[in-house]
Amino acid sequence: MNKKRSPKTVLAAGPSSKRGDLIELAVTALDEDGNGIGTHDGTNVHVIGALPDERVRARLTHVGKRHLHAEAVEVLTPSRARLAQPSCKRAGSCDGCPLIVMHYPDQLNWKRTFTERQIRRYQTLGAAEVLATLPSPNQLHYRNSAKLVVSGTFRRPVIGIYRRNSHQVMDIGTCPLHHPLINRVVTAVKEGIAKCKVQVYNPRTGSGLLRYLVVRISERTGTAMAVFVTVERNYNEIHHLAKHLQQSVPQVEVVVQNVNSSEGNVILGQRDYFLTRQHALTEELGGIRFTISPRSFFQVNSGGARIIYETVRQWSSLTGKESVVDLYCGIGGIALFLAGTAREVHGIEVVEAAVNDAESNARLNRIHNCSFEAGDAAELIEELVEEGERLDLVVLNPPRKGCDAGVLNKVAAAGPARIVYVSCAPATLARDLDILAGLGYATLRVQPVDMFPQTPHVENIALLVKKLPRNDRLESPAKERSRPRASHKAKGGAV
């Protein structure tokens, strides 16, 4: 992006703006995707590559009735938050980390501001304290896994991600967010594709073999797993590629061929073939060991995950006498972290494979007071209550869409003294906290955690306590929750 102003540029004006036009505007905020927000002729414009307190020249990429979208081509007046030299030479062209051009303290401030803006939309949450964002232990090289597209030809292979608004694959080379071992694996695989003449899959023609590369690493052991996703078995080509990879990077201890012949953008298929004797990695967080298989879910930022788990344990205030339910428990991370200070922990998860991993992790750590069950969260928590189980603490860790109202009603009906809610989406977190307020639970504080530096994503932990009982407290249906306050047209908040 050029920072010099060109006096010869003709700028668009008036309501007849069209795609490709150049406009000048002042940027006042960031949206939830990390794009700048400004106005042009009274219409909101979302500008890729722009920061608050900047004036930019931008090219319109989409013209809608209510919003315009643009890409900054020139920063006329830079923000104090803008870095003079970003950590990645692809900044501005890669969608992976739009905030890499911003000073890290400003990223943390924006994430708190964005979280607080979502929380304050609800009158019931006015007393909740939104704390300063906890930083990631590592701002770069924190990702312990990568899912990458393989493109090009065996003579000139490309491994990376799709360019913005395109099916063209951008070679990521050495990514500053990836653990250095991941970057070494990617480099070795590119060399191996050429050396072993591995045919690269072409989605237009349906020809070729290798579609994706998935890399996972264990920070504890310094070892790696490589998963080659192919359209068919073809053992010969992948066997030679695996041999080259392990010779080039001896830290690769697990190599898997996954066969995915389906169309579409789903990465992993249903069939795995292990090309090594070892089938999994082992990671450790806070003294708890986890088995990482090709399909296991594991947080991509190990240091950030440790902060979340430790905060949940601290806010739970367990004494060893409590019964805990961990809803949406995944592979059992939080449940196993809490087991040492609880009487018993029940993990509930809808994905059966994740429950199998959780049970395996409990055995690995010789933890005997954790049980895990696969099924519907609302139904299983109701069964626990009907069986006479007293629930002292409920931990919620749902996907981005948040919790169903039925789940929240069942949780409130169980009457735990405390609820700790872990969320990856501030908007749905605020919505669910408002529902729980109507069901008798007050949100005391919300803790943003930066799990994904250089990106707009933010995790949050909320602590809720049961209010003093009122006759009508738990009779309020979820649908009667307070309506959010009128929100600004532009999403997000200023840095």
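Glycine is treated like the rest: Cβ placed from N, Cα and C.
According to Swiss-Prot, the domain 'TRAM' annotation covers 16-74. Per Swiss-Prot, the feature [4Fe-4S] cluster binding site maps to Cys88, Cys94, Cys97, Cys175; the stated evidence is similarity to another entry. Taken from Swiss-Prot, the feature S-adenosyl-L-methionine binding site applies to Gln299, Tyr328, Glu349, Asn397, supported by sequence analysis. Swiss-Prot lists Cys424 with the feature active site, nucleophile, giving sequence analysis as the kind of evidence. As annotated by Swiss-Prot, region 'Disordered' applies to 472-495. Per Swiss-Prot, compositional bias 'Basic and acidic residues' is recorded for 472-483. According to Swiss-Prot, the feature compositional bias 'Basic residues' maps to 484-495.
Here the features listed in Swiss-Prot are placed on the structure.
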| residue | record | Cβ contacts under 8 Å, 6 or more apart |
| --- | --- | --- |
| Cys88 | [4Fe-4S] cluster binding site | Cys94, Cys97, Ile100, Cys175, Pro176 |
| Gln299 | S-adenosyl-L-methionine binding site | Ala305, Ile308, Gly333, Met451 |
| Tyr328 | S-adenosyl-L-methionine binding site | Ile348, Glu349, Val350, Ala377, Leu396, Asn397, Pro398, Pro399 |
| Cys424 | active site, nucleophile | Pro399, Arg400, Met451, His457, Glu459 |
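The record gives Cys88, Cys94, Cys97, Cys175 for [4Fe-4S] cluster. Within 8 Å of the mean position of their Cβ atoms, the other Cβ atoms in that chain belong to Arg90, Ala91, Gly96, Ile100, Ile172, Pro176, Leu177, Gln454.
Residues of the domain 'TRAM' (16-74) grouped by DSSP class, helix first, strand second and coil last, total 0 helix, 38 strand, 21 coil.
In this structure, the binding-site residues Cys94, Cys97, Cys175 were compared by how many other Cβ atoms lie within 10 Å of their Cβ, and the smallest count belongs to Cys94. Within 8 A of the CB centroid of the S-adenosyl-L-methionine site residues Gln299, Tyr328, Glu349, Asn397, the other residues of that chain are Phe297, Asp326, Cys329, Gly330, Ile331, Gly333, Ile334, Ala354, Pro398, Val422. Across the domain 'TRAM' (16-74), the model assigns an average pLDDT of 94. Under DSSP, Glu349 (S-adenosyl-L-methionine binding site) is assigned to a strand (E or B) in the three-state scheme. Among the residues the record lists as binding S-adenosyl-L-methionine, namely Gln299, Tyr328, Glu349, Asn397, the two farthest apart have Cα atoms separated by 16 Å. Residue density at Glu349 (S-adenosyl-L-methionine binding site): 27 other Cβ atoms are found within 10 A of its Cβ, drawing on all protein chains shown.
Around Asn397 (S-adenosyl-L-methionine binding site), a 10 Å sphere centred on its CB holds 23 further CB atoms from the protein chains shown.
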